Amino acid sequence: ATPSHSRCAARAPTMTTLKPTPEEKPTHYAPEHLDPQLYSDVEEDHQILEVIRNDSWKRSKASLADQDGADEEKPPDDKLDTLKGVYLPCLQNILGVILFLRLPFITAQAGTILTSLIVTLCTISTFLTALSLSAVATNGKIREGGPYYIVSRNLGVEAGGAIGLLFYLGTSIAATLYILGGVEAIQLSFLKDEKDDEYGESFTFETQIFALGLAVAMSAVVYGGVGIVNKSAFAFLAVVLLSIVFLMIGVILFAANEDDGELSDSDRSFADNIGPDFEEDPDTGLTPDFFSLLALFYPSVTGIMAGSNRSGVLRNPGVSIPKGTLAAIVTTYVVYILTVWMFGLSISNDALKDDKLIVAAVAWPAKYAVQVGIVLSTVGAGLQSLTGAPRLLVAIANDGFVPFLQYFAQRPDEPLETTVKRAVILTYVIASLPCLAGNLDFITPFITMLFLIMYAAVNFSCFVLSILKAPGWRPTFRYYHWGTALAGTIWCVVLMLIISWWVAIIVMAVGAMLLLYIRTQDAKRNWGDAARGFRLSIVRDQMLALDSRSEMHAKNWRPQIMLVADVNEYGHPSRPEIIRFAGQLKKGRGLILVNAFLAGDVRTGIDKARAATQVLRAYLREASVKGFARVIMTKNPAEGVFTAVQAAGVGILQPNCLMFTYPARSEMELPPQRETFVSMLRSSIACKKTTIVVKGAEQLPDNDQPFEHGTIDIWWVVYDGGVLMLLPYLLSLHSVWKKCRLRLFTVVTEEDVSADEVFGRTKAFLDKVRIDAEVIPITIGDVNAGYVYGKTLVADSNARVAAKSRLLDHLRLPNTMTVAVRGPQRAEPTTQLSDLFKNPDEEGDGVEEEKKIEMPQTVRNASIIEGAKLDSENDRFESLKKSGMQKWKMDSKRAHMAAFMNVQMKEFSSDAKLIVTNLPVRRSDPTEDVFGFLETLTDGLGAVMMIRGSGEEVVTAYG
């Protein structure tokens with residue numbers, strides 16, 4: 001900091017968490033980014049503005065990248081249409097290893113009817129997901145990441161990031177499925193031992209080593225560039241489709257007894273596979289059931305995202321994704337059903353179970369064409385998975401909310417293909433590990449779960465967007481409904497649980513941990529996601545349901561604090577400690593608003609106010625205070641407070657407490673500053689808000705400096721609805737204050753009931769309301785405290801208290817602090833302190849007579865008038881009284897009471913960590929009189945919080 005700015009540097013909190021990291025600066029700013037010339041005269045403020053700009057840039061970088069002109073687009077001639085960009089890639093991913101190597105086996109185990117049901121159930125989930133996917137995809141541009149992009153931009157960064165990482169894991173392991181399928185196809189087709197007609201055990205290291213070698217070869221191809229994969233993809237798909245044609249022709253000829261292929265007449269059967277016949281699988285040693293076969297088959301329908309994964313290279317994604325995806329689902333469903341019934345009604349059960357490569361044995365005209373087709377189908381689908389997974393990882397890393405993935409994020413001026421190559425290495429490692437299983441049957445349940453959770457998220461995104469009916473929800477695809485999206489969500493979750501409930505729980509638990517981890521990274525992105533809209537909708541409905549016109553019950557009352565902060569023109573608070581203190585009071589789970597007011601012309605100073613708001617928000621983040629901050633430009637700060645307190649909040653979420661910082665010594669010397677402060681207090685009182693004034697804020701602790709011992713002393717002079725007791729109790733719940741004991745000093749006069757009775761009633765009520773505090777009555781003689789403190793509660797508030805008390809007396813329900821301590825017949829407006837504790841009538845005292853509570857020995861008579869004080873205390877008293885009367889022109893009685901209370905507080909509470917007492921301010925009190933009383937009352941004390949209640953009951957004994 002420069003010397004000219006040392007005053008701000010001394011009171012500014014450490015801003016290490018806001019220090020920008022070196023990165024490319026934006027070439028343009030959004031409207032909220034302000035002109036740095038506003039701060040050219042102060043170096044540190046200019047730096048902080050740059051920090052805020054940088055922080056805002058980092059948090060909005062992903063949003064800026066979503067704009068139409070943010071990334072480079074391919075020329076339209078180089079982009080793909082529906083057939084090449086969506087339909088054929090979906091076919092290549094859907095039609096693969098399960099069709100050729102497992103579907104006949106599933107048919108033999110479950111029978112044609114149950115197998116058809118399995119195919120239908122799986123296809124229903126993908127069909128409903130495709131409808132939701134099509135609706136979301138046609139609602140805007142889908143960029144890199146495909147389904148991850150959809151989920152993250154609609155369900156929010158936490159859910160999108162967690163599910164996106166699970167989907168990346170599923171896509172990577174899907175490559176393992178195709179690798180193991182390819183190894184099995186090669187072993188069955190070309191490495192068969194002709195001597196004993198067995199190819200060897202599938203659990204030997206030979207299979208695993210072969211699979212790892214194939215994984216290396218396929219990853220090397222992908223590492224060489226996506227162009228090689230794209231050029232070979234259609235050739236692979238052509239061979240696969242030709243193989244399907246050959247095997248279907250072969251089955252028809254076998255059923256017609258025209259060509260047996262490698263089968264015999266005994267293998268021909270027309271009714272052997274109608275019903276289920278579950279037997280042990282010799283390869284795995286397990287006996288399958290309906291649900292395990294459902295899990296085994298499901299990966300064969302999971303290629304529907306291939307089109308959305310290519311959204312960045314499609315000529316018209318909004319048209320191509322719905323048409324191509326739905327057409328591919330219908331085509332593959334027909335192929336699967338035909339395969340099930342043609343094989344099930346033509347070939348015997350034993351033949352289907354014994355030979356997992358039976359599709360090649362029955363193929364016509366050449367079985368080797370089908371064998372090659374099977375291998376190419378697995379290799380082609382594996383290459384697609386190894387190509388899509390790294391790009392998905394890069395898309396997640398580029399969003400910047402997962403720190404350990406930043407190595408895989410695209411760097412400035414780095415080609416995308418270079419970034420993808422780094423991700424290919426990680427994908428290869430992930431895909432290689434499951435190869436050690438040696439059989440694809442063992443990994444299909446995990447793949448199924450990882451895909452199903454993504455499908456459920458896509459459906460849920462569409463459901464939320466549909467029911468919210470946000471103005472931005474305008475999909476061009478019309479063949480969807482919120483009911484289909486909800487059904488798709490539920491069906492995907494049900495499938496997860498019925499396939500394997502324990503695997504589903506593991507996947508959900510991992511997803512929950514990822515979500516919590518991302519949340520801890522403070523990953524905030526303004527993507528306009530449906531989750532934010534959903535929360536806004538809930539907030540709106542709940543706020544409308546909570547009618548602000550209804551009276552707040554004492555059980556529901558919590559401090560909704562509006563802190564009036566004192567800041568300089570750049571937004572630096574003069575006492576940042578008060579922000580932390582207000583946050584510590586939020587243990588009551590209330591709302592906190594931090595408002596500051598700058599004197600000036602709104603038209604010319606609005607930019608400076610906006611910049612100062614950003615600085616003030618930075619202080620809130622530094623203090624770990626969750627709330628809202630704003631710097632308001634106004635011609636008159638006092639009038640600004642009066643206006644703000646009326647306009648702040650919506651509905652029932654309005655501030656009920658106003659917190660002020662007591663003016664510094666230098667400010668008190670200026671009459672205009674004193675008048676402004678008192679005017680703010682009057683505004684708060686006029687609006688019937690609980691008014692809080694904190695003096696000695698510099699002595700308040702930081703959040704990382706908890707007290708190991710000490711007390712919070714409450715000096716209860718005038719009844720205020722219980723807020724004087726409740727706020728310190730809420731403060732004691734915070735980790736900083738939780739080891740501090742509460743001590744309640746109840747100030748009574750000799751005209752009141754005895755100190756024993758006051759102690760008993762107060763202690764009994766505190767026990768009922770479950771507040772642990774030490775009660776210490778202080779007797780002060782015949783001091784006219786009513787004159788000194790005035791009518792702290794306005795007449796209408798007193799009337800409400802009195803009416804409630806009379807009703808409770810009639811019902812015999814002493815549930816409030818008023819009734820329990822004062823008695824129901826003494827709730828009327830009073831002007832004398834002694835009136836606060838008069839003897840109640842016998843029927844309404846609310847205290848069990850048989851319960852005797854012994855008063856502690858610390859209670860004493862503190863009457864100065866009777867001369868019971870020591871000489872030193874009398875000297876301090878007379879000095880304070882004289883100073884108040886001479887300097888502030890105070891009335892002798894007010895000066896007398898203020899000096900007397902100060903002496904008592906010094907004697908009993910000199911070591912207290914915080915002193916809490918009433919704020920004796922009325923709207924009619926002169927400014928000089930207010931300052932004189934407060935100065936005399938708090939002279940020489942530490943941190944003091946003075947509270948003036950609004951008159952509403954905030955403490956009740958009923959749960």
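Residue numbering: from 1, along the chain as shown.
A Cβ is built for glycine as well, from the same backbone N, Cα and C atoms used for every other residue.
Whatever TrEMBL says is automated annotation, not expert-curated.
Taken from TrEMBL as is:
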{"type": "REGION", "residues": "1-36", "note": "region 'Disordered'"}
{"type": "COMPBIAS", "residues": "21-35", "note": "compositional bias 'Basic and acidic residues'"}
{"type": "TRANSMEM", "residues": "86-107", "note": "transmembrane segment"}
{"type": "DOMAIN", "residues": "86-561", "note": "domain 'Amino acid permease/ SLC12A'"}
{"type": "TRANSMEM", "residues": "113-138", "note": "transmembrane segment"}
{"type": "TRANSMEM", "residues": "159-180", "note": "transmembrane segment"}
{"type": "TRANSMEM", "residues": "209-226", "note": "transmembrane segment"}
{"type": "TRANSMEM", "residues": "233-256", "note": "transmembrane segment"}
{"type": "TRANSMEM", "residues": "290-306", "note": "transmembrane segment"}
{"type": "TRANSMEM", "residues": "326-347", "note": "transmembrane segment"}
{"type": "TRANSMEM", "residues": "449-468", "note": "transmembrane segment"}
{"type": "TRANSMEM", "residues": "488-518", "note": "transmembrane segment"}
{"type": "DOMAIN", "residues": "575-698", "note": "domain 'SLC12A transporter C-terminal'"}
{"type": "DOMAIN", "residues": "708-778", "note": "domain 'SLC12A transporter C-terminal'"}
{"type": "DOMAIN", "residues": "893-958", "note": "domain 'SLC12A transporter C-terminal'"}
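Here the listed stretches are 113-138, 159-180, 233-256, and the one with the most C-beta pairs under 8 angstroms to the transmembrane segment (86-107) is 233-256. Contact between the transmembrane segment (233-256) and the transmembrane segment (326-347) is supported: at least 3 Cβ pairs lie under 8 Å, counting only residues 6 or more apart in sequence.
Taking pairs at least six residues apart, the transmembrane segment (488-518) and the transmembrane segment (159-180) share three or more Cβ pairs below 8 Å and count as touching.
Each residue of the domain 'SLC12A transporter C-terminal' (575-698) gets a DSSP state, and the totals for helix, strand and coil are 66 helix, 28 strand, 30 coil.
Contacts between the transmembrane segment (159-180) and the transmembrane segment (449-468): present, as 3 or more C-beta pairs lie under 8 angstroms, all at sequence separation of six or more. Long-range neighbours of the transmembrane segment (449-468) within the same chain, counting only residues 6 or more positions beyond its ends whose Cβ lies under 8 Å from a Cβ of the stretch, are 125-126, 128-129, 131-133, 135-136, 139, 147, 150-151, 154-155, 159-160, 163, 166-167, 169-170, 173-174, 298-299, 302, 305, 480-482, 485-489, 492-493, 495-496, 499-500, 503-504, 507-508, 511, 530-531, 533-534, 537. Per-residue pLDDT, averaged across the domain 'SLC12A transporter C-terminal' (893-958), gives 84. Taken through DSSP, the domain 'SLC12A transporter C-terminal' (708-778) splits into 24 helix, 19 strand, 28 coil.
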